[in-house]
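Colleague: Okay, so TrEMBL annotates it like this:
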- 101-403: domain 'SAM-dependent MTase RsmB/NOP-type' (DOMAIN)
- Cys201, Ala202, Ala203, Pro204, Gly205, Gly206, Lys207, Asp224, Asp257, Asp275: S-adenosyl-L-methionine binding site (BINDING)
- Cys330: active site, nucleophile (ACT_SITE)
Amino acid sequence: MALLMDTRLLLRKVKDLRCLTPRRNRVKEKWAVTRTKHPPTSLALQHFDATHSVQLGPLWPSVRAALLSEKKYGALLNNFSYDVVLADLEAQGCRDFLRDADTEVSAAQPFLEQESEVVGDEESSGVSISKKSGIDGQQLSPLHLSPHIKCLVFPRGDITRFKPARPDMCGLLGYYLMDAASLLPCLALDVQEGHNVLDLCAAPGGKTLALLQTQSIGYLCVNDASVSRTLRLRKVLNSYVPKPLLADEKLRITSFDGTIWGDIERNTFDRVLIDVPCTTDRHSLMEDDNNIFSKSRTGERRKLPQLQLELLMAGIEATCPSGEILYSTCTLSQIQNQSVVEQAIVLARENHGIQLQVVDLRPLTHMFRKTFHFAPDLHLGEMVIPHLAANFGPIYMCKLRRLT
């Protein structure tokens, strides 16, 4: 008891020392300086409430709650690592969602064939779109999953976190943690043996690493306009890929302006992945740092749709005839998603004489409908929307095939 009284007396004396501090040296927290009146995360939420609520309708409240909650991750296994981590992850309750998809394909195929019909062209925009089947009477193209890609996730509703990966005897990490939905654009790209592939906006490197895991690529060009982000990309690849492979002539890392790639290498690549810069909805709601909704970046945010269009056009020009392009974002915004693709299809035809076909991605959504929550009734492309039980995404993707 005496000790408690002494402690209280000591604390009282410490507080009383403030009166001995000269007034000019006393500092009072100034909220106008230390606290932002309208932080970027708050501005982002206001913007999404105004736009996404109209676009998603009754789905928005649940999507909003998921976006404001901790997201789920997937563990992309690194085939270049000597560590055998698959058994350890499975012992923790994880499952490889790509292997689980095998049983879903057979169940979905009769449904897909039954609904297969041609919707036709949209005369008003000149955009050739078919959500029910291939265009011009073509059937749904089968999706070939690489047997080398493995990505483990915890079951629906399980919010267990993955432990950080540890390096093996060569210093390579056993798995890469990423939003598992970010793997879907790489799967939809359907890279085949010997393909020349361009990853136009590659940093931070998760999708590039996934493409390398296929072990099918003949030549891979990895680009990002930002030098600092390219350095981050190199750091990721150095942590997962053996040095001899990084030094191979079949892999090239560049930092060019992606919007002029059509002038650099035209009609060159079999597959082009264009994961464009966007409002990055989840990050914009959770982090004030480097937030696109900061008032200082208002002009940059407003120019995003134009930048996305220019990047997509450059990717289309870089693709060879009969090649395929995969456009993707991590936003729910229709202006940055479907609208950009529609404009690109029209501009490619009118300005460059390039005919494009929209590839139906419904086989992909049926394969993985037990793992991800997909937006219903999109007129163009497919989108993973966040859901509290499966809190991945958002990821939008649309696949185009170049006909001429």
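Cβ atoms are placed via backbone N, Cα and C, with glycine included.
TrEMBL entries are annotated by machine, without manual review.
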Colleague: Can you give me the Cα-Cα distance between the residue listed as 'active site, nucleophile' and Lys207 (S-adenosyl-L-methionine binding site) in Å, rounded to a whole number?
Modeller: 13
Colleague: So of Cys201, Ala203, Lys207, Asp257, Cys330, which of the recorded positions has the fewest other Cβ atoms within 10 Å around its own Cβ?
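Modeller: Among the recorded positions Cys201, Ala203, Lys207, Asp257, Cys330, the lowest count of other Cβ atoms within 10 Å belongs to Asp257.
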Colleague: Please average pLDDT over the domain 'SAM-dependent MTase RsmB/NOP-type' (101-403) for the predicted structure.
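Modeller: That region's mean pLDDT is 88.
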